[in-house]
Structure formats: C-alpha cells, structure tokens
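> For reference, Swiss-Prot lists these features for the protein:
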ACT_SITE  Glu12  active site, proton acceptor
BINDING   Gly78, Ile153, Met174, Glu175  substrate binding site
ACT_SITE  Asp198  active site, proton donor
Amino acid sequence: MKIGIIGAMEPEVAHLVESMENPSSTTIAGIEFVAGQLAGKDVIVTRSGIGKVTASIATTLLIEKYAPDVIINTGSAGGFADELAIGDIVISSEVRHHDVDVTAFGYEIGQMAQQPAAFIPDAKLVAAAQKAVASLGEVKAIEGLICTGDSFICDPVRTKTMLENFPTMAACEMEGAAIAQVCHQFGVPFVVIRSLSDNANNDSPVDFDEYIVKAGHHSALMVIALLKQL
C-alpha cells in the first residue's frame, strides 16, 4: 500500500519527514513531495501550502504523479468541541466547506454545486485512527465534523454564524474539504486528522503561534500510529 500524507505547513510535516527512511524530495510548483518509508509503509509526505487552492493543487499532483492508494490529511485546526483542549485531536466523521454558498440554486449551505454536501472519509482509515488513539497517552481524540474555509477564524461573530450553520462542527481549518473533494473526484479514499492549535476565538492568533508546533507534532504522532494499524 502506498500512502499519501498532506500537511499545509512545515511544523505539520516536519516530524513525519524527520522520521522517514530513504527520503527523496521533489518540488513541483512550489509544493514539496518527500517519498520514502514511514512506520514500515511506502509514503509520500506533501507540504501543500496554506489554503484550499494550494491544497487542491497538491492533492492533484500527488495523485497524478505518485498514485497513492489512500490519502491522509494531517495538521492543525481551530477547536469547537467543548470537551477538547489544545493539542487534542479530531478525526473526521465528515468534511464540509464552511465558506461556500450556492443555496440560491437549492444546495445546502457549504455545498459546492454538483458536489456532495459532505465528504465522507474512508471507514477503514477512520477505524485505524480510532485504534491508534490508544498509543497517544493523555491526548484525547474524538470523531467529528471538520469544516474548511479560506479564513483563519478568530472573530466571535463569525464563529457564532458558523455554529448556526454547522452546529455539530468539532474543528475548522483551511485545507481538508479541498483535499477531500479532489479525493472524491479521483476516487481515492481519505481521512482528515487534525490536532487543535487554538479554540477559534479572539486569542486564536496568539494561541496558534504558540501551539502550532505542539499541534503539528501530536497530529504527526497520530498519523504514524495510524500507519502501524494499516
């Protein structure tokens, strides 16, 4: 099995790349792909850059050039679940865009035209992630809705609106739904795994800068533990 792993930022992929055997790096359109072995599996770790456009480009290039059997999106997110703290993990039960609105044409809020309202992760990958949780010690993990948009969320008014639109949202970030949509169109199984770097409030910019390394490391550890379950 060949596994594609995508993270947006250096702190989100650094531990994965450092842990790889026989790494070989290629850069295409400013996006870095590192192929090698991790936890006994053939992997391609991809640093996509931030946001939905670069994530879509990275995912398409990853699929076209390396043909992975599955794709895992790892990294940080803002938290919305009361039971989670910074550093805890959300495993996607579904992934949606939060900044798409074509409801005038009869679609759900967050649903892109001619696309499903929600992108559903692969059940086997989710099950493997659930089993991997036990190896993380004090880090807590839940399954939940992860929403994606091209904004860093730190405005309470915007947070309120998002929760009105997506009341079960556990986390929000800036790449997952784009990656999921590309995987959907190519027929590649996926899962999104995010560790919380902030709580999507007024303190989020400060929290993010302080905790991005911790969140990226926790998410990377979760991915490595997941690989051992495959």
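Each residue's number is its place along the chain shown, starting with 1.
Backbone N, Cα and C define each Cβ position, glycine as well.
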> With the substrate site defined by Gly78, Ile153, Met174, Glu175, which remaining residues of that chain have Cβ atoms positioned within 8 Å of the Cβ centroid?
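Those within range, site residues removed, are Ala77, Thr148, Gly149, Ser151, Phe152, Cys172, Glu173.
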> Where Glu175 (substrate binding site) and Glu12 (active site, proton acceptor) are concerned, what is their Cα separation in Å, rounded?
13
> What does DSSP call Gly78 (substrate binding site) in the simple three-state scheme?
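Note: Gly78 (substrate binding site) is in a strand by DSSP.
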> Return only the integer: C-alpha distance in Å from Met174 (substrate binding site) to Glu12 (active site, proton acceptor).
13
